[in-house]
Amino acid sequence: MNIFGTDGVRGRANVYPMDPITVLRLGMAIGLEARKVGTQVVLGKDTRISGYMVESALVSGLVAMGVNVGLLGPMPTAAIATLVRNLRASMGVVISASHNSYLDNGVKIFDSEGIKIPLELEEVLESNVRAELSSDLAQVRGMGKVYRIAGAVGRYIEFVKGTFPKRLKLSGMKIVVDCANGAAYHIGGEVFWELGADVVVIGNKPDGLNINHNCGSLHPEGMVQKVLEEGADIGIALDGDADRVVVCDEKGRLVDGDQVIASIMRHLRATKSITDAAVTTMSSKSIDSYARELGVRLHRSEVGDRHLVDTMRQHSCSVGGEKSGHIILWEHSTTSDSLVAALQILSIMLLENKSASSIFGDFVPMPRVHRDIPYSMEFDHIARLIGPTLSDVEQALGRVNGRVIFRRSGTERLIRCVIEGEDPKLVALVADELSIKLRELGVENGVEPEMQ
């Protein structure tokens, strides 16, 4: 069984592959590769209670291989990608399961350039996790040391603020920030406050168990309510490791990643020579025609931050992102950074002198239903059983420029099912029929329905 998915290693804490023995061996495997480049690895995490166990196991494996480990404590994933470059480290490691509940944890790995390691290196690490590495252990004199990196939070805050135009301030703007009780709990509000905003922060009291629980980008209802209560100009919701952002405008209307990307594309096209952008297969079909109207070439990648980055590098894209809220601004970041993306949105509002609802109003996503379906039987078996029904669905949706996506998640035991098309009634009907068929096949009903 492979331990790497679409975004590193992820699973139930204290259960393979996130059990202490496997994580220790993963630390050794990472150390074996890191020492080919240098002697330092920087290590950050989110706020899950299992982070202590995972951190200890990884550190033991790394120092046993002769690698020094700089501990960052709770920090956004993008902060590790930034600091690995800033500190000239060999690799950066993040302990996080992103938007998952506290029950899960994971490990993400960046190379010395702050880019997620390629599939080929994942395969090497996977092989070495299973290999006998005792002969590769460092001699006692050569074992690594562990130290805390002082000032890392302030250094990252200054980096994020540096992506905001120097002539602009957030004075007079009221912002609600939901930090999801996660890695940015002590950073999210500070960034906007230091730039002059009146900031209302929620989801900033982590206890190890409440990360992403009824808060953050997956549960933005609290943010929406607070925006309306406070009369705020905008609401910004992060996830557990602050690599995705979901926004609501001053009217409390939610804005997804596609709308954020569309707004940034439009602004950059009007002010800069942006020619190319990237999204994943999960993005709305209507964003393709929107990009064409702007004169921007839009490229699609497979789902996942690494695939998106590869596509952006291949086509020299200025901006890329996913519907889920992962936004990459290549001028500033090598991975998705919710705080950098949020500042980009705020700068557009200020430079265009428009409200949040106005800057997102141009792009209208195609009507869709998105369901996340838990499953227990083998996915390939489900795919074979549902195949004929999917063919019928695709034929029906083809009449309304629609499509169906039926894929397994690379980070959770869920099937991602998306039905979209220009006729919202047909989309809803097809989604219901597909759900009925899945129930007949013994697959659980979908959760978290989304209609746009």
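Here the Cβ of each residue, glycine as well, is placed from N, Cα and C on the backbone.
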### Query
Asp239, Asp241, Asp243 bind Mg(2+) according to Swiss-Prot; which of Ser90, Ser98, Ser391 goes with them?
Ser98
### Summary
The rounded CA-CA distance in Å from Ser98 (active site, phosphoserine intermediate) to Asp239 (Mg(2+) binding site) is 7
### Query
Taking the centroid of the Cβ atoms of Ser98, Asp239, Asp241, Asp243 as the Mg(2+) site, which other residues of that chain lie with their Cβ within 8 Å of it, listed in sequence order?
Asp46, Pro76, Thr77, Ser96, His99, Gly182, Ala183, Leu238, Gly240, Ala242, Arg244, Ser338
### Task
Around the Cβ of Asp239 (Mg(2+) binding site), how many other Cβ atoms lie within 10 Å? Please give the count over every shown protein chain.
33
